[in-house]
Each structure stands twice: as structure tokens, then as C-alpha cells.
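Chemist: So that we are looking at the same thing, I have put the structure below in C-alpha cells.
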């Protein structure tokens, strides 16, 4: 007679969760919720401002154009957050890249085609260094990337205390190029950001590297014991984020056509907000980069709606973002507590 | 019977740590298609031997041969590649990924760097199928209970060796206490899987604290004591009594004494009465009386409300109905301090997280509660403190008998004793013990049970919670039976009360 039984006898159907539970536990649900929210907000915009031109295709496409740099930065942040980390240096790297680019193009007279790879390399290398420190000295990513935030912001001022406007003709023509699309047009930046999104999706879902990012975010210790190269993956994740930040910086420079030491201050927080609203868990391991796209679009749409409203101050954007973020984190919390057995 | 060649042979294994000889000349062999139990008390060297075998520790002496070739592993992944896989007590998988991914991650089939998802799912499903399991490989791992996750971990480790082509798979599978958090049905499923693997020629090394399980599933066993080999036996040649004697290295006087122990009769006046005490969602209102010198045992399945009941009586959770009277005075139970002041002590089942401070010394851990009772403005005088600590280390036979040893380095049984000492030093009137014998070896178990008996003989009331019914029966005057967060029966112990009777009460939920 054994009396070591220490659990409730399992109910017969305990292995196949009920349908409602399954839907609630589905990891795609947060993305669908965000996409649904976007559609509802867009429909509200249509009904309220249709006489003011809200229904025009270009208003929709402008969401992509005006937020291209945020999307690229948020894609990088998605990698980091999926792996269970955080990157606070994003905004500073963007600001630094605008300064670096403007300075090399305007003051040093280098052609933009040479400057682009240099800027990307510097951003990626910065990310690599932060990842290396996080991994090899076992320091909290929060602290390491906070140091990165100050470092890159400081480096902006080393280049110049004044903003540098970009007047280079190649840059201007790139900035003004329009790629027509169904009754409207996209900018070069918007196209680049969508390509980055597509590449990120492929990498995260169809390569071993991408799956390792999820595995580390799910349980870092397990990933190590399962024999996965956990250290290298972690460093790579921060390198990707650094690269994306630099690319976002280039798009930002293209969009604003200047470099400024104060560009993109605090943008890392917008990127993190977009990722979280897009349904990625801050604890890592769960989320989709497509959700990040919707997160960015929702943030962008809030801005447009407030512009169309006309009477509201732009600070309402921040308030709406804050409320949304809070709501989504609460939703995530209830979902994860349901999911754990 | 002609014995086949062993797949794994370890001879004269020596492993030394600074100041300690963890393994001194241990021989161990493992045959293909057998389940081999590795037995010994805590600290006998089981984990060290496994870690030497899997390359976590390096060897200080001796040889390891795998299929006749000498090998030396420097990392777990080397051992894995050679066909030695380990599944630990904790499930080391990623709950956020699907079952299929967990089985194959790190060696997903790819084509030009792109993961072939269809092939991955198919291969995982084949592997699951081959082991005769019924698991949906597309579902996320977290949607399955722990027991199934454990099975998935085994599937993964069995599959790991397959990378060199079919047939080259895992030859040695090490299962380190896989059953400690499984219920009976789940254990049976695990055993079925182990037998199937055995039939496929895998050699399985099985470590478990539950002797019944060893006898149920193992063919052969190796017993270690104090880092040395005591013997290798076929399971059918050695009965449980003989095995326990080998493990603890002394006759069973201690244990038998307990088996024959008569419950002392001098139960005194009422100490604690709980009147309709309950907390919504945790445990239904219950009445309970505990007398001086009485041992009240709580029986019930895990999750039936045993711990919840105890926590209410200690004020660790606040009751939202009823009242608790201790020694004639009503106690508000708004915080543990109320209970401590009334003379209640509580040893948590979760001794690592809720009881001991692993980085402090034995001495510091022992005086913690006494100091708390006095308040931080009145430190315990050093001389008195050292005397008390020395007394309890001796009385409870805490090993090593060094008040300066860090508690984190002690074995589970000794940690439990330190926790007990902490509360005994405050001389409580009622001692609540929540699973004091869980995860500790049989010798230490007997000592703790003996201690409970002698404490109650001295007039201390004890509320005793244990998963093993025999343990509860052996010690308790009164047995409270819990089911579905409700105290369903209070049975006075006597010859007619048997484990079966209690199980029936748990199953039917009726007070007979």
C-alpha cells in the first residue's frame, strides 16, 4: 500500500484544457486584441472626422511614414524583451546616429552611402559591447543599458553642442522619394521599416537563433541546461537591438533632415510601450513581432486622432499611451496567471 | 546466468572536495536494458557520483568505460553526445515553447538555415510515439501538468543521442529523483515509459527516496554510504529491511522502537480551541481542539488544506471567521506575532524559502526566533546564546556539530533540525510541524519522529502534518482528515485506525 500520493487525483480531462481556457491561453490573443483595438480606433476616427479627410489612404499610409523609425527601434526592442532583457539605450543611440551621420555628411563631406554602413556598424558594436558586459559580468541589463543611454547621449555632445541640419542633395532626394501605393505613397523610411519587420519575423520564427531567443526568454537556466548557446544568443540580441537603433537613427535623420544632440530623447520608452501594447510579455518568451507593428500603429493613431481633434493638446498622447500601457499590462497579468498550471 | 557486458563501468572512482572525500573508490556498473537504483542516505555520495559521470565534476581517481572504451567527460554536453542523458528533479525545459520545440530545440531540422517546421513536428511526434506516449506536440508545454513535462524532458533526452542517425540514441539515461513531485498515476505512467525504454535496451539509472518505487520498477541496486560502496544487489535478493540496514549501516532498533511505540496516555487539559475558524477560498470553517501533550496529525492529499489550516492557527493567514482560544485567552490572529506570543511555533514545509536563511550560520539561524521574541533592543547575551545553541545542536544531533557552519551547506535533514531547534529554543506550548520529514533520509526521519514523541511526553502539544499516512498514524493521538479544503473527520487513534481506513475517509469525505 503506498501512501505517498501527495496530489489530488487528476481529473480525467485535466490534460486537455477546456476550449475557453485554450483560447485565453493562446499566445496570439494579445496580438489579436491589439489589432482589434487598432481597427476600432480607426473606425472611430472614420466616423468622427470623415469630413476632414481622415478616410484618405494617405492618412493611413502616413502612420507608417511618420513612425518608421519608431517601428525599427521597436523591432529591435522586441528581440531584447523576448529574450527577457531590456534595452534603455535605444533613444540615445538614435540621437547619436543622427549627430554622427549629420556631422560626417555635412562637416566631413563623406558621401551618405559610406556613412550609412559606418553608422550601422557603430550602433551594432555598441549593442554588442552592452551584451558582452551583460553576459560576461552577469550584470542587470537595466543598469548596463542605462550606462549606454548616458554614454551615447554624452557622445552626441562631444560631436557638437549645436544641431546640424543636413542639406546634402542625395539625402534630400532620398527623403523626398515617394513610392506610390494604392492611391497614396510611402517614404523610403517606411519601406525600409516594413522590410526590417519582415526580416525580423523570419528570423524569430524560422531560424534557430530566433527560437533560442524565445527559449532564453522562457527560462534562461533551462536553455543553458538544454545545451543551447545561451551566452552568444544574449549578446547577439543586444547587437540586433543596437543595429536596429542605429538604423532607426538613420531613418530619423532622413525624416527630420538634421542631427541634434537632443533628438529622440526618451524614445526607448515609446519603443518599449509599443512592444508591450503589441502583446509581448516584459518577462520574456512570449509575443510576436507583428504585435509590435500594431503597437506602433496604435501609438501613431492616437497621435493622428488627437491632431484631427484639433482642440486637444499633444500631451494627451502621453496620457492615452499611459492608460493603454497600464490596461495592457493588467490584461497580460491576468492571462499569464491563467496560463500557469 | 551469463551476464552481458556492462554498457557503463566505473571503477575505483575517487572525488575529493577541499577537506572532504566525497567518493572513495566507488565501483558502479550498468547493464543495457536494466533499471538500476542508486541508493544511499542524503550525503552518501549519490549526486556526486552522478555529477562525475555526467561531466559536471572532474574525476580525482578511477576510470569510466563506456562500451569498453575508457572515457572522460569534461562537460555535460560531452556526456550527452556520448549517449548519457540526465533528467533532473526540476524540469529544465522552456514552458513557453511547444512540446515539439522543447524536444528538438538545438537540433531542429533546417534547410538553408530555415527551420523545417513540418519535419520538426513530424520527428517530435514520431519520437513521442515510439515511446508510447500520447502527447500533442503542437501544444505549448505550459498547458501540460508537471508530470507530463517530466515525460517530455525524458523524450528530449532520449532523442538527444539520435543525432548520429537512428539507433545511435541514448544508451544511458539518468533519472535523478524524477518522482518527487508526481502523484501515483503519474508515477505509474513514468514507470511504464521507463520499462519501454528498458525493453529498447536503454540502461536507466534511477534515484529515488521512495523505497516502494525502487522495488516496483528496478532490477538491480547499488548502495552507497559515506562515499563508499556498500554493495550491489539484485532487487529480488534483498528485502526492504535489509536494504535500509545497508543504507544506514546500523540495525533498525531506532525505527522498530518507533513502530512499536505506544502513544503515551497522559494528554492534559485543553490548550487550543478553534471555533468555526476559516478563511474564504482557503479552508472551510473548522472546529479543532488540541490538548497539552497531544499530537494531532493532519492527513489529506496535497492541496486538501492541511497547510492552510496550520497557517490560520499561526496567524500567517488571517481567519475571516471564528475565533481561536489558546490557554483560555482569545487570540486575535492578525499576525504571526500574536500566535508566537501565545506560545505557538510553526515549522514551514518550505524550509528553504520560508524558514531558514541559508547564508547565515547554524547559530544565527537557531537564535533567530528567540531574538525576535525578545525584540531587537534586548540582544541575547553571548554566553547564554552559545550555551543554548550548543545544547540544541547536541540534543538534536545536528551534523556537522559546528555552530559556525553555513546552513545552506547542511543536508536536508540537518536543515530541518536547525529549523526545529530554532522554535524549540523559544519553548513553545504548541509546535506546528508542516511536513518536517519531507525530502530527508530515513535515519533523520526516525530521529525527528522520536523527537516529536519525546516533546509530547514532556507536555508540548504538536500539530503534525505529513504526506505519509503511516507517519501520521504512528505519532498522533487524534487524526484530522482533510478533503477539498475542509476538515471532514476527526478520528481518535486506535488499533482500528489503519491507513486504509483513512484513505477511505479521504475518498468518501464522510465522517463515519
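The backbone N, Cα and C atoms fix where each Cβ goes, and this holds for glycine too.
This is the feature table in TrEMBL:
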TRANSMEM  A:29-47  transmembrane segment
TRANSMEM  A:59-82  transmembrane segment
TRANSMEM  A:112-133  transmembrane segment
TRANSMEM  A:139-160  transmembrane segment
TRANSMEM  A:181-204  transmembrane segment
TRANSMEM  A:235-257  transmembrane segment
TRANSMEM  A:269-302  transmembrane segment
TRANSMEM  A:314-331  transmembrane segment
Chemist: Return yes if the transmembrane segment (A:139-160) and the transmembrane segment (A:112-133) have at least 3 CB pairs under 8 Å (sequence gap of 6 or more), otherwise no.
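Modeler: Stretch pair touches.
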Chemist: Does the structure show the transmembrane segment (A:235-257) and the transmembrane segment (A:29-47) touching, where I'm treating 3 or more Cβ pairs under 8 angstroms (sequence separation 6 or more) as a contact?
Modeler: no
Chemist: Do the transmembrane segment (A:269-302) and the transmembrane segment (A:29-47) share at least 3 Cβ pairs closer than 8 Å, excluding pairs fewer than 6 residues apart in sequence?
Modeler: yes
Chemist: So which residues does the transmembrane segment (A:112-133) touch in its own chain, when a touch means Cβ under 8 Å and the partner is 6 or more beyond its ends?
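Modeler: Those are 87, 89, 93, 96-97, 100-101, 104-105, 139, 141, 144-145, 147-148, 152, 168, 170-171, 174, 234-247, 249-250, in sequence order.
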